[in-house]
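Okay, so here's the structure we're looking at.
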Amino acid sequence: MNEDQRLQGQQVKEKNPADKKSEKDYSKYFETVFLPPSLKEAKKRGKEEVKYHNDFKIDEQFRGMGDGKKFYIRTYGCQMNEHDTEVMAGIFMALGYEATDTVEDANVILLNTCAIRENAENKVFGELGHLKHLKQQRPDLLLGVCGCMSQEESVVNKILKTYNQVDMIFGTHNIHRLPHILSDAYMSKEMVIEVWSKEGDVVENLPKVRRGNIKAWVNIMYGCDKFCTYCIVPYTRGKERSRRPEEIIQEVRHLAAQGYQEITLLGQNVNAYGKDFDDLDYGLGELMDEIRKIDIPRVRFTTSHPRDFDDHLIEVLAKKGNLMDHIHLPVQSGSTDVLKIMARKYTREQFLELVRKIKAAIPDVALTTDIIVGYPNETEEQFEETISLYREVGFEAAYTFIYSPREGTPAAKMTDNVPMKVKKERLQRLNAVVNELSAEAMKQYDGQIVPVLVEGESKNNPDVLAGYTNKSKLVNFKGPKTAIGKIVHVKITETKTWSLNGEMIEEQQLAEVK
Ligand code: SAH
Ligand code: SF4
Ligand code: F3S
């Protein structure tokens, strides 16, 4: 931790700020803690050196802190948050806590939050409301808010004013400080807030308790410097910082040795991997080329930004092997004008050219995407361009969203002449096309035998197993429980819009079919 962070991260303990003499005094108090989202400030991000640490350990004073106690973490948002939850679970276990999956049993409850859209935030405020009665029944319960929402000044102020059932708030850059934060929260009767405005260094040896032993997340970088005009992530996650390749490769080797079947390399913009190294000319292509040699059956990565998707990476992905032929490539809009206002830094034509190159190198690749509809002042024609691009690319699936203004981002300041009714209607029209193309892509599988990594019982029916194909299609099929955790062959007998049904083919039968 450098001096700057220590300053910004100083703890503020104030249970009920409304008791303070005036709002003004109180907000002053917070200026040292937060830098509200500011594009101008954030763009000043320099090439400050990122320090790598390998010396995380649980301080003697905290050992046994969790003996006889249980923790519960509810995770919202993206894979980055899911993985952070695994790290926090690791820290809890190292402190002696046990995991529980019911809030009623928990002595500590954490909400690991997401700030990407307004409804993501509303869910968290709703949940805080629900948890209030638990806190009233059991005042010794610790309730914490962490994750991306904690990095927003407005959110912290709202919690301070309205949700005094919360005992601690900490941000995305200091989860390794969890033991200290917990200890402070136990000792103090006041709300403990520790949020660093500036990103932390990279801490390598944090403990992790992974969810499951089949698939694993592996962070390759943190933060985002793209500053798409609508997006809060560059502010909540800080500047781009890549992990050193040797650390990543070691982690993947370790997961392979433990028998994991699939890893997903994680970052907000994985194609920018390595751009922050001063001493190394090493990018995602080089990293994937190393990882493909490791004996782990499936390797994926997310999320790609089209702008930095280079030829070398395409070349490496074309070598296939354990590199899966599914690429999630968020396009956001099919209109060059909207892309420009979004600051995505590519045109419709450049995106189509990238898709052409990818398809030329990997002819049967499955492409999926993210799309925002109803951007400020989006015209009907511009929206139609998104639909036509979707069809032209032949995306097989998409996450689609109505634009949600995020305080402090440049887009939030734009005037917007598109009524919500129109936005909703556009979303429906887009989703109809998304469903249509997904169903079409699924139809191709009818009668085929596909490898499926079996993850467990189907959510709706414990007699049915569920897993995913190389191209991330969900398959439900009857099979023995011993298949869980393995890659088995399934003959597809029925195709639906979002999933496939089939029958497992025993190895012996498979040999006969072949
Ligand atoms: N780093 C990833 C995206 C992470 S956020 C990328 O650039 O691809 C996941 C998706 O949420 C984005 O792709 C975008 O489609 C959507 N999103 C982000 N900010 C949004 C906002 N303010 N309103 C609506 N959707 C948004
Ligand atoms: Fe947000 Fe992704 Fe753009 Fe980064 S690249 S600003 S995370 S949408
Ligand atoms: Fe949400 Fe933060 Fe991920 S805002 S999408 S949890 S990086």
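Note that Cβ sites are derived from N, Cα and C of the backbone, with glycine treated the same way.
Curation does not apply to TrEMBL; its annotations are automatic.
Feature annotation from TrEMBL assigns [4Fe-4S] cluster 1 binding site to CYS78, CYS114, CYS148. Taken from TrEMBL, the feature [4Fe-4S] cluster 2 binding site applies to CYS224, CYS228, CYS231. Look at TrEMBL and you will find 69-187 tagged as domain 'MTTase N-terminal'. The annotation domain 'Radical SAM core' is assigned in TrEMBL to 210-440. Sequence annotations record features per position, and here TrEMBL assigns domain 'TRAM' to 443-506.
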Which same-chain residues, if any, lie at least 6 apart from CYS78 ([4Fe-4S] cluster 1 binding site) yet have Cβ under 8 Å of it = CYS114, ILE116
Any idea what the model's mean pLDDT is for the domain 'TRAM' (443-506)?
-> 96
Under a threshold of 6 Å between Cβ and any atom of ligand 2, which of the binding-site residues CYS78, CYS114, CYS224, CYS228, CYS231 are retained?
-> CYS224, CYS228, CYS231
From the Cα of CYS231 ([4Fe-4S] cluster 2 binding site) across to the Cα of CYS148 ([4Fe-4S] cluster 1 binding site), what is the distance in angstrom?
-> 12
Cβ-centroid neighbourhood (8 Å) of the [4Fe-4S] cluster 2 site, CYS224, CYS228, CYS231 excluded | LYS226, PHE227, TYR230, ILE232, VAL233, PRO234, GLN268, ASN269
With a 10 Å radius around each C-beta, find which of these binding-site residues (CYS148, CYS231) has the fewest other C-beta atoms nearby.
-> CYS231
Assigned conformation of CYS78 ([4Fe-4S] cluster 1 binding site) - DSSP reduced to three states = coil
Which residues, same chain and not among CYS78, CYS114, CYS148, have a CB within 8 angstroms of the centroid of the CB atoms at the recorded [4Fe-4S] cluster 1 site?
-> TYR76, GLY77, MET80, ASN81, THR113, ALA115, ILE116, ALA120, GLY147, VAL233, THR236
Among the binding-site residues CYS78, CYS148, CYS224, CYS228, CYS231, name every one whose Cβ is found under 6 angstroms from ligand 3, counting any of its atoms.
-> CYS78, CYS148
Return one of helix, strand or coil for CYS148 ([4Fe-4S] cluster 1 binding site), based on DSSP.
-> helix
What is the three-state DSSP composition of the domain 'TRAM' (443-506), stated as helix, strand and coil residue counts?
-> 4 helix, 34 strand, 26 coil
Same-chain residues at least 6 positions away from CYS224 ([4Fe-4S] cluster 2 binding site) with a Cβ under 8 Å from its Cβ, in sequence order, are CYS231, VAL233, PRO234, ARG237, GLU240, GLN268, ASN269
Counts of helix, strand and coil residues, the domain 'MTTase N-terminal' (69-187), according to DSSP | 66 helix, 23 strand, 30 coil
